[in-house]
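Colleague: TrEMBL lists 506-535 with the feature region 'Disordered'. The transmembrane segment annotation in TrEMBL covers 31-53, 65-91, 112-131, 159-177, 184-204, 224-244, 265-292, 312-336, 395-414, 435-463, 475-494.
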Amino acid sequence: MAPAHDAESVATVDDEDVIAGLYKPSFKREFTNLATISFAFSIMGMCSSIATTFNTPLLLGGPASAVWCWILGACMCFTLGASIAEIVSAFPTSGGLYTASAQLCPPKQRALTGYLIGWMNILGQIAGISSTEFGLSNMIWAAVSVGKGGNVNITQGKVVGLFVALLVVHGILNSLATRMLARLTSGFVFVNVGATVLIIIVLLACTGKDNMNSASYVFGSEGIVNQTGGWNTGLAFLFGLLSVQWTMTDYDATAHISEEVQRAAYAAPSAIFIAVIGTGLIGWLLNIVLVLCSPPLDQLPGPSGLAFMEIMHQRIGTAGALILWVPVVATAFFVVQTALQACSRTIFAFSRDRGLPDGKYFAHVSPITQTPLRAVALTTFLSILPGLLDLASPIAANAIFALTAMALDLSYIYPIFLRRWYRNHPDVNFTPGPFYLGDGILGWAANIICIVWTLFVCIIFALPTVKPVTKDNMNYASVITVGVVFLALVWYIVQARHHYTGPVSDIQSNHGSKAPSVELSAPYEKGDKNATASE
């Protein structure tokens, strides 16, 4: 293997790996280990994600729900992250789990499996970009409200207008060359983690001991407060899971930039593993400190509408809160930047495999920037559409946003299920990558736990969070998810099955012959890599 410091040699080895899987190298491998880890941390956006979702556990199940549900969900997310990292290590392509799912089942199922997982993953990512950008717009207007003492009229038009402008900026930034994207991404992790640590320190320093809440309020029964209007206390407590599950999702985003990462089979899964652990532990500490330093519940969420902001405002003061809010907003900005990059690579891969009815139009890579500019433009446009729904119906917009975690998590557990269910099938050859959980009790436990947990959490996602249930507070996420899957199936039967056969070889297709479905697997134990590459 080439020396670690020789980036050009490492890129060559990675390109051979892609060729061994019958995919032609399409991007320059400019993402170093640091940039890849930073990307994985940024996609979760620990600080900003907690800021935008902290209202849910705090105001539904109470302070203790925010604390305990976070660490419970983080532990379960660790099993999901590890399971995904194992598959990403074996299939380090821009298609991510979409490509893997089609290769982890028998040939007769590959087309339909890849098609459904591809669409669910893309839709989940689009909804995630929109919801995060929408949250960023609200965070900026919340700062304006605090800065002006609440004397500002924030309309839906203003929020949506800023939302669209921010997405256009992210689309332009994602049009930069891969080298520039890698350099830009490298610093994200320091802002993300640094902002979180700084807020923790400042809150503890500025909150007098007399103003801190008791241990029972933070960890015990005093902190369990059912404010759902009718659900039992146990379910109200479990609604606190929505924050951690929302934050710790989009694990496979790092996989989607695998073809731009040096030593991707090692770096991509390692980055996912590190980011999940770091986000889980540091995020738990932040939740504890926020609850410890929070004012009485009847004063939250405050004029800004965000309990996170109001806690900082009351404990640190207006000036200090606004100063610390800047890196929080920056973190949310970075989340959208990385999420849009990952989604555009998924669309690129899906188009490359003829999963879109576009004649591979969006599989084009710009010779100037070496990035899929058409896919970036399409991702930006599609991400704007859900936000525009807020102008007509905030209920519909919220339903689209709630789709994110449900669609993404379901698209994750299916390939994990296939990897175990068809482990002994003669037509399925799963060759582990460097990151491998094994076939012992550890690997099986991680896979089973994450599947059962995700199905359980999806039930929580589908429930309205308050009672009585009306058309104004109904949770339509489950209806939309089922509807999307149904429409995708109908489209597949009517049209897509005629042009989509699953992941295909673009090397053979470049030679003029029809590209068949191919089996992708990690090349590390193969002895015929050079022979395959030379074909």
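Cβ from N, Cα, C; glycine included.
Annotations in TrEMBL come from automatic prediction, not curation.
I'd like these features described in context: how deep, what's nearby, how far apart.
Modeller: Counting same-chain residues at least six beyond the ends of the transmembrane segment (65-91), those with a Cβ under 8 angstroms from any Cβ of the stretch are 21, 54, 57-58, 97, 99-100, 103-104, 218-219, 223-224, 236-241, 243-245, 248, 251-252, 254-255, 258, 265-266, 268-270, 272-273, 275-277, 279-281, 283-284, 287-288, 290-291, 409, 412-413, 415-416, 419, 430-437, 443, 445-447, 449-450, 453-454, 457, 520-522.
Non-local neighbours of the transmembrane segment (112-131) in the same chain are 95-99, 101-102, 105, 167, 249-250, 252-253, 336, 339-340, 342-343, 346-347, 350, 353, 355, 379, 382-387, 400-401, 403-408, 410-411, 414-415, 418, 484-485, 488-489, 492, 496-497, 500, 502-503; each lies 6+ residues outside the stretch with a CB under 8 Å from one of its CB atoms.
For the transmembrane segment (159-177), the list of distant contacts is 28, 129, 133-134, 136-138, 140-141, 184, 333, 336-337, 340-341, 344, 368-371, 373, 376-377, 379-380, 383-384, 387-388, 390-391: same-chain residues at least six beyond its ends, Cβ to Cβ under 8 Å.
Outside the transmembrane segment (265-292), and at least 6 residues removed from its termini, the chain residues within Cβ reach (under 8 Å) are 17, 31, 33, 36-37, 39-41, 43-44, 46-47, 50, 54, 58, 63-64, 66-67, 70-71, 74-75, 77-78, 81-82, 84-86, 88-90, 92, 193, 196-197, 199-200, 203-204, 207, 212-213, 217-218, 223, 244, 247-248, 251-252, 254-255, 257-258, 308, 311, 433-435, 522, 524.
Sequence-remote contacts of a segment are chain residues at least 6 beyond its ends whose Cβ falls under 8 Å from one of its Cβ atoms, and for the transmembrane segment (435-463) they are 73, 76, 79-80, 82-83, 85-86, 88-89, 231, 235, 238-239, 241-242, 245, 265-266, 269-270, 273, 402, 405-406, 409-410, 412-413, 416-417, 419-420, 423, 475, 477-478.
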Colleague: Determine which recorded stretch among 31-53, 184-204, 224-244, 475-494 has the most C-beta pairs below 8 angstroms with the transmembrane segment (312-336).
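Modeller: Answer, by Cβ pair count: 184-204.
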Colleague: Where among 31-53, 184-204, 475-494 do we find the most Cβ pairs under 8 Å to the transmembrane segment (224-244)?
Modeller: 31-53
